[in-house]
Amino acid sequence: MENTVVIKCGGSVLDELSPAFFASVKTMREQGMNVVIVHGGGPEIGKMLKQLNVRSEFVNGLRKTTKEVLAVVEMVLSGKVNKQLVTMFKQHGLPAVGISGVDGGLLEAEPIDGIKLGYVGRVTAVRVDLLQTLLAANYIPVISPLGVGRSGQTYNINADTAAGAIAAAIGANQLAFVTNVPGLLQDGTLIGEATAETVEQLLKDGVITGGMIPKVKAALSALSDALPKVMIVSGKTPFYEQGTWHGTTIRKEVGAYL
């Protein structure tokens, strides 16, 4: 879909989204863009698991998802975080509809590794027609990253990779990862623009660390001929003003422009 932007909001930044974030989304819509939101919820899931005394562990950066963990993930992502985010959009005058990847079979999924990761899935198909229906009705879809297998089994999907899969499926011309920092930083200084090759080297050199690693890897994997650039932006300050993006632009290659 032309003029479509997929924005992924990490769970750690949801409580810090400023009025400037919503103003940026509003600006996009005023300029005729379709906006799709995908959100995480890791911190809230972690809190609830602790409260309910449900054991959880991470394997290669992904939360191993047993049946007990999956029940909590569903409850927190779709029941709490999704509705809170939809309410925030409404408070800023933006029409949003909360939807899980399970609803309407929006995100079809399969297990990545049932033995090591349990019910953690990868997206295999996206119901593009469902998103098109919501966008045509002038809504902002706010998607919690759960998927459903062909047998009806629900899967926990990493929000970064879900956003990339959705962007590719609907033919978005922009994908942005919203964080609590201005973008990629090197020695405290914002990297305004970098090629995929440069970013891969920064990963190898240990310049990119912690929670930024999965976001950057998802950004790199989302790059394609159809989506030659991806943004990493802040949710605390305006990230889009008067047609200009603020943050780090990762390009597939030198000179790759939309």
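We count from 1, first residue shown onward.
Even glycines carry a Cβ here, placed using N, Cα and C.
What Swiss-Prot says about this protein:
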SITE      Lys8  site 'Transition state stabilizer'
BINDING   Gly41, Gly42, Arg63, Asn156  substrate binding site
SITE      Lys215  site 'Transition state stabilizer'
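Highlighted in sequence order, Gly11, Gly40, Ile45, Gly46, Val73, Val76, Leu77, Asn158, Ala159 have their Cβ within 8 Å of the centre of the Cβ atoms of Gly41, Gly42, Arg63, Asn156, the residues recorded for substrate, and are not part of that set. Lys215 (site 'Transition state stabilizer') and Asn156 (substrate binding site) are 17 Å apart (CA-CA, integer value). Classification of Gly42 (substrate binding site) by DSSP places it within a helix. Highest local Cβ density among the binding-site residues Gly41, Gly42 belongs to Gly41, counted as other Cβ atoms within 10 Å over all protein chains shown. Minimal Cβ crowding within 10 Å, among the recorded sites Lys8, Lys215, is found at Lys215. The substrate site in the record is lined by Gly41, Gly42, Arg63, Asn156, and its two most distant CA atoms lie 12 Å apart. Gly41 (substrate binding site) and Lys8 (site 'Transition state stabilizer') have their C-alpha atoms 11 Å apart, to the nearest angstrom. In the three-state DSSP scheme, Asn156 (substrate binding site) falls into the strand class.
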